[in-house]
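Colleague: Copied straight from TrEMBL:
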- Asp123: active site (ACT_SITE)
- Asp357: active site (ACT_SITE)
- 105-475: domain 'Peptidase A1' (DOMAIN)
- 1-22: signal peptide (SIGNAL)
Amino acid sequence: MAARGQLLVALVLLALAASSSAGSSGGRNRHRAAKAKAKPAARARLGLVRAAPDASLADRAIDDRHRHAYISAKLRRPAAAAADVGSSAFAMPLTSGAYTGTGQYFVRFRVGTPAQPFVLVADTGSDLTWVKCRGAGAGNAAGEGGGERVFRPADSKTWAPMSCSSDTCTSYVPFSLANCSSAASPCAYDYRYKDGSAARGAVGTDSATIALSGGHGGAVDGSRRAKLQDVVLGCTASYDGQSFQSSDGVLSLGNSNISFASRAAARFGGRFSYCLVDHLAPRNATSYLTFGPGGPEDAASSSAAGAAPAAQTRLLLDRRMSPFYAVAVDGIHVDGVQLDIPSDVWDVDKNGGAILDSGTSLTILATPAYKAVVAALSARFAGVPQVSMDPFEYCYNWTAGGGGGEPEIPKLEVEFAGSARLQPPAKSYVIDAAPGVKCIGVQEGAWPGVSVIGNILQQEHLWEFDLRDRWLRFKHTRCIQ
């Protein structure tokens, strides 16, 4: 995976004993490459506007392709009690990871007793939360960097290791090791990533310290904290490669029995929401990941009169798509005209479908949808000089213009079932690739195959996942708290 790559890549389960030295990872790595017909990304590095040194949209695109291939492979496989905290909602600070050169969003997470702080990738496609770790019977966290934060289970009074014979381990822990030498042996996971990075560790449960909120817009009361018990946690004791250098692990927000999102949402009204600031926002631009009230409906009700209502569409919690969140797409419009995209592209029963994924940066569309979208957008830029900038197919010298100022960017809309329309800002699909250069910021995915709505297209919207009533709600907002 490219340097500063976002934790993803096609995982291959190694059926080894827990003592095996082969490494592998616990959270679904960022941006797994589209198994598609996508052309190999060039090595040329692109200057990412306002991002960290060495950050590159080419790197993000490569990672996105790896992640897409992982998603596609995973969807072809069969899917595999706490104290009352006395509040209706809690919130966790959420920021863009652009300052590290990644295309991820980071959340601050405190686990253990006493609480130990970490910065984790917020990932709607992961079913296992894990942190870099020291101890837990598996050695010390070892990677290419030094001085990182690591979880120390021995220092936590609430850490409880999980046995490999437990029902949770055998039925729900992704990529758990097949060998179980004794009933009391640890529940171990062992992954190897396609780019050579790897991670392994053991699963247990521990408590997470949460900041209770007022329940509207993610407002946090720093003086009110509580413990969320029995959080399933992977203790990654060994890892290699660049994949995990930018964060301390992964916070699982996927649709899974053991994900943090599913368990936390079940205790706070059955829903969670997040607001993604501009993907190039500075480190101090903070929004929140909120469990309980605080989603688009609550934000709208607490805002000024006349505010636009939140849009909503059905959330498809289909076993075949787990742990990903699927939505029914009815079409894509450019300047009010619906594009000619076969309905099969959006049909899960016909090997299509669409998911929202906070761990993929660029939106990846199955070939028929991709070709229709780029054809419609590029037709509007016919007078703008094109430039070559891999891995994108359509890039433009924006400063040259089209004979009279900056070109006008056509309006793109994604229509979901129920007439809910996502109307992203132009910068979310015609993106700044380098100073003076803009590119049509979507990637081509395989067909048949799933399409992925990435975090750049989701930015500057408040998204609520209502797991209890199965609704996805969203509303445009700048997200800055």
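Backbone N, Cα and C atoms are what each Cβ position is placed from, and that goes for glycine too.
Any TrEMBL annotation is an automated prediction that lacks curation.
I'd like to know what surrounds each of these features in this structure.
Modeller: For Asp357 (active site), the Cβ neighbour count at a 10 Å cut-off comes to 29, with all displayed protein chains included.
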Colleague: Taking just the CA atoms, what is the gap between Asp357 (active site) and Asp123 (active site) in Å?
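Modeller: Spelling it out, the Cα of Asp357 (active site) and the Cα of Asp123 (active site) are 7 Å apart.
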Colleague: Could you tally the C-beta atoms, other than its own, that fall within 10 angstroms of the C-beta of Asp123 (active site)?
Modeller: 33
